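S.K.: My structure is below; once you've seen it, I'll send some questions.
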Amino acid sequence: MPVILRRFVTATQRTSIPLAQPSPSLFSRHVEPKLTFIFTHPLLYHRFISSSPAQNPQILTPQQQPQDPVSPHPTRTRTPLEKQFETWVQNLKPGFSPIQVEEALRAQSDPDLALDIFRWTAQQRNYKHNHLTYLTVIRILIDGKRYRHAETLVEEVIAGACEISVPLYNSIIRFCCGRKFLFNRAFDVYNKMLKSENCKPTLETYALLFNSLLRRFNKLNVSYVYLRAVRSMTKQMKASGVIPDTFVLNMIIKAYSKCLEVDEAIRVFHEMGLYGCEPNAYTYGYIAKGLCEKGRVGQGLKFYKEMRSKSLVPSGSTYMIVICSLAMERKYEDAIEVVFDMLDNSLNPDLLTYRTLLEGLCRDGRGDEAFTLLDEFRKRDGLMGEKTYKTLLNGLHFLHINGLPVSLLREIGNEFKLTAALLSIIAHFIEPISFMAAFQCNVMLMANVSAKSKGDVTELQIGVKHKPASCEIQAHKGDRIKVHYRGTLTDGTVFDSSFERGDPIQFELGSGQVIKGWDQGLLGMCVGEKRKLKIPSKLGYGDQGSPPTIPGGATLMFETELVEVLGKTPSAGKPKDSEL
């Protein structure tokens, strides 16, 4: 045993004296206190277990007490919250009822004080909280953001701490639906209400649960999971005789539309008259969006027009989905009409909606109409910024120039000089477009018009620039080969080269992995041999080209060198004479 601890025990056993018996006036109502001791060692224990000499006259007065190097601790001052708690406890008369406790709880502005009063009253004899006091304190705790304490009281109610009531259970369901990890608890309370005799779910109960489910319809695969719960609750609501209102029916329609179950949504829509409910803008909007997303654009447009005939204004998302769906179905006149209707109602389409409509017109050869519409939209859309306008304009110019036929550009290049052709075509657009748009148009025109007839060929031309003395290994159809190459246009522009990269291309000859000019022009080539291929557009990239490096209809020039023949693939057979 350590020396200090041994000295402490010895001093305690030798110097302790019993306390005097307490006064009968102080302890007459309490249990007989046990005999305690005071450690008289001044350095080990300096605090006495008594409040004052008046309460215990046998204890020495301060003048008689030995000098203690450490002074006694002063009495702690009560906080205002403690004083307020004592005041309310004193105001509750003996034999108070739950109604009086509820009034005391409602009068509290501090949720912690309300919870202290609630817990203190629960410990008193012959008193038990009812559903009113639980409902009041739970609401006070939720308003005060004391969610952990509210969760504890909710668990007590579910466990049967008080009788059940519809307002109490609806408040619990509302609280649980707002908490991420208590979502399932809300349905536990709902199932308990279904099994009860005098606490059946009401319209408010179903509205809370439907709303909570719809907040989780963020992804289509997740929506199908919760759609089963929506179907089940709808059947239970009808079986229990609860008459839904427009808000609840709209949530059911929204759930079906989100999952693209539009036929079910339309069925609920037609049942609204049976419950005395009138469809509103949200009703039509959910169905119109669901039909358009399902691909039934014509039927969705019909619901949109019916909604507008009743002077109902759709939401911005409904407008934009209808516009995009009509544009993708090439119903441009209807889409333009819906856009102007949206702008008349002070709603503004986003960039994607404008692009879908205008670029669709441009791809269908109605580029001039698209430019005119863009200017009209800019005048009527006060929120269309300069950046949005330039983005739309540049996209239209690019599509419009790219959509010109290659034959027309060739005729322009043959009839005039290249620079004159460029200036004549760009002159129509140069005033309203930015420098970047003009640059894009210039690049595309240069690429298309550069394929002039001067260097074009109609058949594959093969020239051998170098052939090794011995040709033991040749490339045949089905062989895997490695080839170095440098590709140029007829004007000498290099568009690709493996020589600079130092990495030859590897492919299977004759299997369509490269352009046809290569599959034909490299047959019978020896390892180390160098060939120059002049490939017409029909054996290259055709009229569409490979923008931005290879224009449409371009003749391609390749300098090639066979580096290695890796051997035939398992599917390749022996070479035929026609392949050499």
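Glycine is treated like the rest: Cβ placed from N, Cα and C.
Just so you know, TrEMBL annotations never went through curation; they're auto-generated.
So TrEMBL lists the following for this protein:
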- 55-68: compositional bias 'Polar residues' (COMPBIAS)
- 478-566: domain 'PPIase FKBP-type' (DOMAIN)
- 55-78: region 'Disordered' (REGION)
- 165-201: repeat 'PPR' (REPEAT)
- 245-279: repeat 'PPR' (REPEAT)
- 280-314: repeat 'PPR' (REPEAT)
- 315-349: repeat 'PPR' (REPEAT)
- 350-380: repeat 'PPR' (REPEAT)
S.K.: Any residues 6+ beyond the ends of the repeat 'PPR' (350-380) with a Cβ under 8 Å from its own?
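M.R.: Distal contacts: 320, 323-324, 327-328, 330, 332, 335-336, 339-340, 343, 388-389, 391-393, 395-396, 399-400, 403.
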S.K.: Given the model, what does the mean pLDDT over the domain 'PPIase FKBP-type' (478-566) come out as?
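M.R.: Result for the domain 'PPIase FKBP-type' (478-566): average pLDDT 89.
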S.K.: Excluding the flanking five residues on each side, which residues at least 6 beyond the ends of the repeat 'PPR' (165-201) place their CB within less than 8 Å of a CB in that stretch?
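M.R.: Residues packing against the repeat 'PPR' (165-201) from afar: 131, 134-135, 138-139, 142, 147, 150-151, 154, 157-158, 208-209, 211-212, 236-237, 240, 242.
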S.K.: Who are the long-range neighbours of the repeat 'PPR' (315-349) in its own chain, taking Cβ under 8 Å and residues 6 or more past its ends?
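M.R.: That would be 281-282, 285, 288-289, 292-293, 297, 300-301, 304, 308, 356-357, 360-361, 364, 366, 373, 377, 380-384.
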S.K.: Below 8 angstroms Cβ to Cβ, which residues of this chain, lying six or more residues outside the repeat 'PPR' (245-279), approach it?
M.R.: 203, 206-207, 210-211, 213-214, 217, 220, 223-224, 226-227, 230, 234, 237, 286-287, 289-291, 293-294, 296
S.K.: Take the repeat 'PPR' (280-314) and count its residues per DSSP category (helix H/G/I, strand E/B, coil), listing them in that order.
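M.R.: Per-class counts: 27 helix, 0 strand, 8 coil.
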